[in-house]
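The structure under discussion appears below in the form of structure tokens.
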Protein chains: 2
Amino acid sequence: MNSPVTGPVIGVVGGGQLARMMAPAATALGVELRVLAEGPEVSAVPAVRTAPTGDYTELAALRRFAAEVDVLTFDHEHVPTEHLRALEVQGVAVRPGPDALQHAQDKLVMRRAVEKLGLPNPQWAEVRSPEELVAFGERVGWPVVLKTPRGGYDGKGVLTVDDPHAAQSGTAAQWFERSRSADTGQGLLAEEAVPFSRELSAMVARRPSGETVAWPVVESIQVDGVCDEVIAPAPGLDPEIGRAAREAAIRLAQDLGVTGVMAVELFETPGTEAGFAVNELAMRPHNSGHWSMDGAVTGQFEQHLRAVLDWPLGGTDPVAGAAVMKNVLGEENQDLFAAYPEAMAAEPRAKIHTYGKSVRPGRKIGHVNAVGSTHEVQRLRRIATHAAAIVRDGGDHPGSADLTARAVDAPWGAVPAAQSEAPLVGLVMGSDSDWATMRAAAEALEELGIPYEADVVSAHRMPAEMLEYGRTAHERGLRVVIAGAGGAAHLPGMLASVTPLPVIGVPVALKTLDGMDSLLSIVQMPAGVPVATVSINGARNAGLLAARVLGSAPDVAGRELRERLREFAAELAEAAHRKGSALRDTVSRGADSQD
Amino acid sequence: MNSPVTGPVIGVVGGGQLARMMAPAATALGVELRVLAEGPEVSAVPAVRTAPTGDYTELAALRRFAAEVDVLTFDHEHVPTEHLRALEVQGVAVRPGPDALQHAQDKLVMRRAVEKLGLPNPQWAEVRSPEELVAFGERVGWPVVLKTPRGGYDGKGVLTVDDPHAAQSGTAAQWFERSRSADTGQGLLAEEAVPFSRELSAMVARRPSGETVAWPVVESIQVDGVCDEVIAPAPGLDPEIGRAAREAAIRLAQDLGVTGVMAVELFETPGTEAGFAVNELAMRPHNSGHWSMDGAVTGQFEQHLRAVLDWPLGGTDPVAGAAVMKNVLGEENQDLFAAYPEAMAAEPRAKIHTYGKSVRPGRKIGHVNAVGSTHEVQRLRRIATHAAAIVRDGGDHPGSADLTARAVDAPWGAVPAAQSEAPLVGLVMGSDSDWATMRAAAEALEELGIPYEADVVSAHRMPAEMLEYGRTAHERGLRVVIAGAGGAAHLPGMLASVTPLPVIGVPVALKTLDGMDSLLSIVQMPAGVPVATVSINGARNAGLLAARVLGSAPDVAGRELRERLREFAAELAEAAHRKGSALRDTVSRGADSQD
């Protein structure tokens with residue numbers, strides 16, 4: 001018998017679902033995962049070989065556990081900082097270490113750190129009395145948000161205070177009372193109620209040697225203060241804001257000396273200078289990163305293990321372009337497994353993750369991932385939402401029409417509003433008078449359900465904006481540009497000279513020359529800068545050609561679009577047959593009447 | 001404390017790496033996995049909570065183990081059939097059951113079943129003596145392959161017999177001797193040495209209710225009879241053969257009543273009627289399916305658990321289009337974990353899977369997956385091969401130049417040979433005289449490393465072949481068609497009318513009319529059937545436009561191609577600057593000389 005080869009031993013303090021989901025990654029990597037469990041029946045216990053029960057608030061229990069592992073990490077942030085310092089003194093590799101972890105344990109410490117780094121904070125203050133809270137509210141405007149610096153999560157420990165009266169009574173008054181009697185020397189955290197368009201999350205991982213990587217910034221949809229759904233990458237996010245948010249998260253990780261995975265929860269704040277503000281930090285794998293288990297080259301749990309072992313970090317790209325995560329929160333159905341067959345049959349693409357927890361209303365008991373291309377985000381949302389609803393409700397769930405409505409309602413005519421499906425095709429024209437011709441392209445795209453943006457960009461009247469449009473097109477997520485122009489029609493070729501995307505040119509006929517001037521201006525490009533030219537006034541074909549380009553992609557969305565195009569071709573053939581038949585009828589009636 | 005909610009209990013007989021790799025899937029699904037282990041130190045033991053040691057050849061041990069589980073399945077096929085029948089009689093859910101399993105346990109039984117179903121077998125015979133083997137060899141031609149019906153795997157129990165002398169001496173003679181003395185009433189299996197171009201594998205999963213699904217057929221590269229590398233889907237596989245192979249595997253699964261995952265190993269046999277022949281069956285997750293762990297919507301281990309539980313089966317599509325699996329076979333390096341950091345740093349996209357086994361030469365100790373688009377299969381092979389080599393050799397590995405050479409050497413001029421990268425662009429022209437113009441498209445594709453095929457397809461001289469080419473283009477994996485034609489140039493438009501792919505038209509100038517006839521024939525298509533027209537004789541731009549279309553895809557390969565296109569644009573700009581500078585020099589020298 002050969003002895004098995006096991007790698008380093010990682011100890012996780014806490015046996016919740018985060019510890020549980022580290023187990024599959026540990027098995028693949030061949031490292032041993034041990035869990036210090038709150039009891040024999042917590043989520044992580046069935047997933048690991050060794051899970052002693054112990055109280056993480058007792059230093060002795062932590063010491064016993066740490067003695068058997070190579071590195072210590074966490075399922076949650078509630079281990080007392082002083083215990084972690086004691087373990088570090090003893091030589092235990094605590095990752096993340098207490099100096100970093102306190103920023104996730106204490107929101108006042110976090111606010112100070114964010115401020116020190118010059119990263120975008122909401123307005124905030126430490127308040128020690130109802131009077132100080134009133135003063136803060138009078139300064140930044142009501143309502144304000146009052147937080148207990150420690151122990152809050154999923155909406156707990158967070159209170160919206162509407163006015164001076166509420167600041168001096170009810171829950172707020174109780175919190176101040178409790179804070180004073182706890183005698184921690186600390187006040188409460190007051191924050192302005194940031195006007196935000198949505199919540200984002202920037203997740204990073206850092207290892208002790210310093211390497212730090214970031215996943216794409218995701219959109220996190222909260223319901224009643226609890227994460228409900230995550231869309232990765234965040235649809236329609238301004239690439240500048242995405243880059244800045246990732247950089248902010250990387251700077252925080254580096255400056256605070258984080259090891260392991262960290263989530264930086266953000267508000268998207270259109271109109272402010274940064275475009276976002278830091279909401280909270282979590283120094284561990286996070287709900288907003290669950291999509292990465294199936295959707296990224298490296299999932300957050302594998303990455304966390306690599307990071308705490310100081311192993312090189314893995315790729316963070318979405319493996320198929322996009323992913324959606326939907327939480328399963330407990331409701332009536334107590335028997336998840338009885339609902340599985342229906343959920344699996346309804347959504348074969350759904351990836352179901354179970355936490356092994358008993359069902360209580362509102363409790364996170366699992367999640368569902370769906371992975372696909374950026375082109376099918378709404379479909380992924382429907383898949384994940386539908387499967388999660390069946391598991392939650394015990395089957396017989398009608399689906400999720402609300403999401404469909406949201407996708408269909410996406411406005412067009414400019415860049416679609418944030419949170420609707422991001423445009424894949426940029427439809428531009430040299431003059432608004434070209435719209436009469438170019439609208440046929442828009443209609444073709446709409447018929448095929450392809451999101452697009454439309455704009456007037458004149459090569460001659462606004463050359464700088466035109467070049468900027470072309471240069472940034474691919475960065476903004478566009479995958480094809482359709483450009484229509486007439487006369488000395490330079491727009492398609494000029495755009496093609498600054499974008500790596502395929503540019504489709506539509507020669508628009510003006511009053512003279514029957515569009516031949518436009519055609520030759522567009523089609524006769526020099527070698528090196530191609531324009532895909534369609535017929536004079538052939539805007540409909542430009543839209544269909546854009547669809548073929550998107551349908552050429554090697555993913556599921558591409559295949560589906562190809563299918564739709566084939567159906568479309570079949571309809572075209574049928575219409576031609578009908579017309580032929582009508583013509584034959586006419587001709588034969590004509591022949592009859594001549595008889 | 002809430003009691004955890006665990007689903008059904010699955011018992012796996014055997015604790016090898018296949019049982020081990022079921023554990024992460026079980027954790028995600030929330031079902032309990034127990035292993036009947038050969039000893040306390042086998043591969044699966046560290047990955048599961050409960051792994052009693054027991055001898056699977058003893059019915060009593062199987063009975064004890066089965067009493068505690070809801071369903072029994074297997075890590076290997078070596079459990080005696082009579083024990084499984086005894087367990088079934090007792091009411092144990094044995095999946096796959098003994099009636100199915102015997103086809104994977106006994107190659108003679110398998111050959112008879114394949115024959116009965118009319119699926120393509122090589123020529124074979126049961127031979128009971130050297131004389132019968134000689135007679136078989138004289139009939140089908142030497143060499144022949146001699147197999148022990150039971151117990152062989154990874155090249156063991158398989159002997160190539162070159163001539164009548166070898167059939168009557170050495171190993172062959174010993175095998176006949178052993179077979180006679182074992183007195184099983186069975187002979188040995190003799191098979192013709194099938195001339196095959198490569199090995200394929202068709203994997204399916206079936207659940208007791210009957211639902212059966214198939215993954216794409218993969219290419220399996222064997223070295224010394226052991227699986228070395230798997231490419232999914234099999235590059236350049238004739239879609240008809242792929243479909244027939246999947247159907248054969250599904251029929252086998254249904255007819256034999258398989259439950260769980262089954263691999264049907266195949267030979268690709270060009271020139272034969274079926275185009276493939278059945279080699280072996282494995283009724284369990286299989287090495288040729290490891291790619292699916294990271295590369296398919298549903299990995300084979302999750303699928304196996306769903307199948308044996310009779311839960312609906314999951315999607316089998318490659319999640320990003322393609323995947324490559326490279327086995328790590330033991331060599332000198334004994335400390336895999338010391339090599340991990342280098343492998344991970346070198347290949348951040350590599351997914352390393354470790355079996356927790358001690359290293360012995362040639363032993364399967366792990367594998368590496370790489371996932372990406374069909375466009376980057378050669379890159380995925382390099383990633384997986386490089387990471388596996390570092391783990392195997394303990395670091396300091398130079399990379400895998402052999403693969404690079406293989407990719408670069410891919411012939412063009414027709415469909416590339418099997419095993420080279422599948423073409424993404426179809427380059428067709430109405431006449432071979434168009435090649436002088438159209439070669440510029442081929443050159444542009446070659447410069448950008450894009451695989452393509454080139455052919456003459458005349459709309460007027462071979463209309464049926466032309467339509468067939470267009471209709472099947474997307475099925476054969478092409479993603480763009482470039483068509484060049486001159487005069488009454490119908491080829492691009494006709495192809496566009498039968499393919500959902502984008503068609504790029506190149507107007508080729510003939511002797512008269514300067515190509516204006518070709519241009520208008522190509523560009524002025526009716527609404528509904530677009531052709532992306534480039535300038536007259538603009539074949540180079542057609543190649544570059546095809547690259548932009550491929551670069552528009554939302555995957556990693558697309559992004560990389562976009563990057564190359566941007567570098568290309570920068571080179572173009574630099575060349576233009578150089579020419580400008582040279583021209584300025586000339587002009588200023590001219591001005592000087594005039595002074």
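Quick reminder: no glycine exception, Cβ is built from N, Cα and C everywhere.
Among the features that TrEMBL reports, ATP binding site is placed at B:K107, B:K147, B:E191, B:E192, B:A193, B:V194, B:E199, B:N279, B:E280. Secondary structure at B:A193 (ATP binding site), as computed by DSSP, is coil. Note on B:A193 (ATP binding site): other Cβ atoms within 10 Å of its Cβ, all shown chains, come to 17.
Annotated domain 'ATP-grasp' per TrEMBL: B:111-309, in sequence order.
Per TrEMBL, substrate binding site is recorded for B:S431, B:D434, B:R461. On its own chain, B:S431 (substrate binding site) has B:V456, B:S458, B:G486 as residues at least 6 apart in sequence with a Cβ closer than 8 Å to its own Cβ.
Around B:R461 (substrate binding site), no same-chain residue six or more apart in sequence has its CB under 8 Å from its CB.
Note: the CA-CA distance between B:A193 (ATP binding site) and B:D434 (substrate binding site) rounds to 45 Å. The distance from the Cα of B:E199 (ATP binding site) to the Cα of B:D434 (substrate binding site) comes to 38 Å. Each of the binding-site residues B:E191, B:E199, B:E280, B:D434 was scored by the number of other CB atoms within 10 A of its CB, and the lowest score belongs to B:E280. Cα spacing between B:E191 (ATP binding site) and B:D434 (substrate binding site): 50 Å, rounded to the nearest whole number. In the three-state DSSP scheme, B:S431 (substrate binding site) falls into the coil class. Using a 10 Å radius centred on the Cβ of B:K107 (ATP binding site) and all shown protein chains, the other Cβ atoms total 25. Secondary structure from DSSP puts B:R461 (substrate binding site) in coil.
Note: the Cα of B:E280 (ATP binding site) and the Cα of B:D434 (substrate binding site) are spaced 48 Å from each other. Largest Cα-Cα distance over the residues recorded as binding substrate, namely B:S431, B:D434, B:R461, equals 15 Å. Mean pLDDT across the domain 'ATP-grasp' (B:111-309) comes to 94 in this model.
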